[in-house]
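These notes concern the structure reproduced below.
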Amino acid sequence: MSKLSIRDLDLAHKHVFMRVDFNVPLSEDGSEITDDTRIRETLPTIEYALRHKAKLILASHLGRPKGKVNPKYSLRPVVDRLRTLLDHDVTSRVNVAFSPDCVGDVAKELSLQLESGQVLLLENLRFHAEEEANDPEFARKLASLCEIYVNDAFGSAHRAHASTEGITHFVKQSAAGLLMEKELEYLGKALEAPAKPFVAIIGGAKVSDKIKVIDNLLNKVDALLIGGGMAYTFLKSQGQDVGKSLVEADKLDIAKAALDKAKEKGVRFLLPVDHILADKFAADAATQTFEGTGAFPAEWMALDIGPKSIELFTKEIAAADTIVWNGPMGVFEMPAFAKGTTAVAQAVADNVDAVSIIGGGDSVAAVKQAGVADKIKHISTGGGASLEFLEGKKLPGVEALTEK
């Protein structure tokens, strides 16, 4: 990686401002954390900084409070969870303090009170509208708390906000945290120097959400497997009548162009060859399996890939040395239409020799539900950020870091 890493810096007795992603799901009243995965993901970076005697200031956003203070989106519940998680292998309790604001006199005073090996968690950055506006004065105030800036929030790296981009203009050294480094290493290698054969599996409802990813990956992959609702826009563009299945009528030309590009590049572009059809969009719908290129029954819609498609996709996945998967194969949240997604999760996990990278909420949920998450080489923490990276875009939060 060409960017400075936290490992390249001397952190001892210095104020380190670390942008983390603590955008965790909370209970209805905002008092309980219901899933602490995002906190756990960044623990190695936090623990690294504390071992190296940093005075650590943590900053994050949580939810969308729209630039106003809203107790429902307070980061206060994170303090206790963070203390618990940090205590597991540290002999003395880690001191985690909380600042009721992320800028201003109180934040400044609390940061000055920090001793080496202690933590200060700032209140939600998005309680200030200036954060998302990337306001330079607000960024300068954040920077005034520290000597070193570390970004470990890959999930926000595609946003040019004050805490991800603006702040870097006011500190001498800006480095990637360990999680950020891992994300860039895995995703970067997949795009720049993948082990071949390289297979990408792209699912989800809409072609419009993923067409830029598909377009970029067609320059890199050996095979592209398409599932989910978007498959029916591709099939329709080839002239198949897909009944009531989801089709983006205004994207048929784009779908056709992608198929043509695949042919031109010699990329195997695999669409489902059979489908699980439903008579309505509901968990208790009547279902039937349909195969072939003929017209779907008029009032029916495809909500999952069928058994032959699973077989076809599994074979491709088994032969791959690099696998990137983003998006479900069907309406994964309904058990009747989750088979395709679960089968793909299993197939990716079964290929233990491949470098497997998974991004996107449904794909990640599928590998967790199938109990195979530990067999995946890299599960990306950033939905939108990993998509933009796979599109070939430069991420503002990464570009802003200091070059080595």
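Every residue gets a Cβ built from N, Cα and C, even glycine.
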*asked:* Record says ASP21, PHE22, ASN23, ARG38, HIS61, LEU62, GLY63, ARG64, ARG126 bind substrate. Source is Swiss-Prot. Which of ARG93, ARG159 does it list for that same site?
replied: ARG159
*asked:* Of the candidates LYS196, LYS206, LYS210, which one does Swiss-Prot list alongside GLU333, GLY360, GLY361, ASP362, SER363 as binding ATP?
replied: LYS210
*Of ASN23, SER363, the binding-site residues given in the record, which has the fewest other CB atoms within 10 A of its CB?*
ASN23
*Only counting partners 6 or more residues apart, tell me which same-chain residues put their Cβ under 8 Å from the Cβ of ASP362 (ATP binding site).*
GLY203, GLY204, GLY327, PRO328, PHE332, GLU333, THR341
_Chain-internal residues, separated by at least six, CB under 8 A from LYS210 (ATP binding site)_ = ILE202, GLY204, MET230, ASN326, GLY327, LEU387
_Separation of alpha carbons, ASP21 (substrate binding site) and GLY360 (ATP binding site) (Å)_ = 16
*Report the member of ASP21, GLU333 (the binding-site residues) whose C-beta atom has the most other C-beta atoms within 10 angstroms.*
ASP21
